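Visitor: If you look up TrEMBL, you'll see 446-463 marked as compositional bias 'Basic and acidic residues'. Among the features that TrEMBL reports, domain 'DUS-like FMN-binding' is placed at 31-236. Among the features that TrEMBL reports, domain 'BAP29/BAP31 transmembrane' is placed at 241-372. Annotated domain 'Bap31/Bap29 cytoplasmic coiled-coil' per TrEMBL: 425-479, in sequence order. Taken from TrEMBL, the feature transmembrane segment covers 245-267, 287-307, 344-361.
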Amino acid sequence: MKSDCMQTTICQERKKDPIEMFHSGQLVKVCAPMVRYSKLAFRTLVRKYSCDLCYTPMIVAADFVKSIKARDSEFTTNQGDCPLIVQFAANDARLLSDAARIVCPYANGIDINCGCPQRWAMAEGYGACLINKPELVRDMVKQVRNQVETPGFSVSIKIRIHDDLKRTVDLCRKAEATGVSWITVHGRTAEERHQPVHYDSIKIIKENMSIPVIANGDIRSLKEAENVWQITGTDGEEKKMTLQWAAVATFLYAEIGLILIFCLPFIPPQRWQKIFSFNVWGKIATFWNKAFLTIIILLIVLFLDAVREVRKYSSVHTIERSSTSRPDAYEHTQMKLFRSQRNLYISGFSLFFWLVLRRLVTLITQLAKELSNKSVLKTQAENTNKAAKKFMEENEKLKRILKSHGKDEECVLEAENKKLVQDQEKLKTELRKTSDALSKAQNDVMEMKMQSERLSKEYDQLLKEHSELQDRLERGNKKRL
């Protein structure tokens with residue numbers, strides 16, 4: 001193992017934790033480990049073009065530990081070659097920890113290659129076959145953590161994805177719980193070579209992790225690196241407030257401003273009602289209920305997502321706090337927990353103030369209507385009081401007039417009553433006379449009726465006698481003939 005001036009001077013950058021770069025909020029540019037290329041000369045070249053972190057080519061840990069010749073040929077460095085990560089291919093925890101102890105004075109960390117798809121590597125139990133052996137990966141990480149006591153020394157892994165992405169997420173969670181500093185994800189399966197990289201899978205993995213995730217695969221330029229960074233959300237992108245949460249925060253500030261304006265004491269509710277009665281509000285009112293419900297649903301979804309994030313990072317926080325070997329991961333988890341709590345408060349208060357704002361507008365409108373009705377009722381009451389006072393005054397005048405003319409009216413009334421009594425007596429006398437005449441007339445009618453009946457009987461008898469005489473006369477004439 002060769003190094004320029006390493007025996008006397010160690011680069012001060014090696015004392016720094018590389019994970020701090022992922023917390024900067026900027027794109028972290030990483031030179032991936034490439035067979036036969038990522039040697040010292042190549043690393044020195046790419047660092048001149050603002051490369052943030054460099055890897056060595058993959059080194060077989062067993063050969064590195066057992067052979068001085070292998071160490072001298074495979075690993076060379078100098079004072080400016082930092083920060084530096086040494087990548088090992090290993091399938092034995094003890095050999096990997098021994099290799100890590102050898103390089104720890106000259107590097108910032110090691111990386112376990114769990115993503116090499118070459119047949120020889122997988123045949124030896126290295127590379128991509130390790131993604132199906134999470135227990136072995138866990139043991140190797142723990143062994144390195146226990147054997148290397150250098151503060152800030154990182155232990156990371158590089159993996160490929162499974163056909164079933166749930167297995168990859170499960171592997172990453174187990175690695176995170178074990179104590180890896182970060183995970184590099186190559187967005188292809190072990191069987192894929194030149195197929196398109198599954199950046200969407202890397203994004204899903206990143207969303208389920210609290211530790212940094214590095215995206216790898218088909219990134220050949222800075223522009224492509226920036227695009228992948230935006231697509232996957234890896235390497236410190238989570239440090240900045242995302243657009244959706246910035247919009248929600250702005251919405252929250254707008255709600256608070258409107259509520260404060262509505263609560264200004266020198267603007268009466270009637271003035272707000274006049275403002276609400278503008279034509280523009282009438283046009284907006286047709287879409288108001290739909291917009292209100294849509295915003296409610298969006299805020300509820302964001303609130304539930306923030307609750308999920310808080311629960312996730314709270315549980316990870318408990319795990320990381322118990323790990324004394326990874327204070328950097330503990331701080332990183334604390335930072336993400338703080339952001340998730342911030343998002344929870346923003347979405348929760350936005351939802352609360354949105355409901356308060358709706359209710360406040362309703363109450364202002366109702367209060368304005370009540371005040372208008374009160375003024376109308378007050379006017380009506382005043383008019384009614386005036387009319388009542390006027391009526392009472394007129395009533396008092398009538399009472400005084402009646403009192404002044406009361407005696408004369410009593411005399412007139414007594415005279416009229418006497419006259420009415422006399423007229424009543426006269427009418428009674430005339431009525432008796434009329435009733436007597438009527439009864440007499442009725443008697444005369446009865447007598448005439450009786451006479452008429454007697455005359456009719458006598459007439460009938462005469463007719464009978466006349467008919468008998470005619471019969472006799474006719475019989476006499478017949479006899480004569």
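For all residues, glycine too, the Cβ spot is worked out from N, Cα and C.
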Visitor: Average pLDDT across the domain 'Bap31/Bap29 cytoplasmic coiled-coil' (425-479)?
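Guide: A mean pLDDT of 82 is what the model gives the domain 'Bap31/Bap29 cytoplasmic coiled-coil' (425-479).
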Visitor: Can you name the far-off residues of the same chain, 6+ from the ends of the transmembrane segment (287-307), with a Cβ under 8 Å from a Cβ of it?
Guide: 244-245, 248, 340-341, 343-344, 346-348, 350-351, 354-355, 358
Visitor: Is it possible to list how many residues within the domain 'Bap31/Bap29 cytoplasmic coiled-coil' (425-479) are helical, extended or coil according to DSSP?
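Guide: Once the DSSP states are binned, the domain 'Bap31/Bap29 cytoplasmic coiled-coil' (425-479) shows 55 helix, 0 strand, 0 coil.
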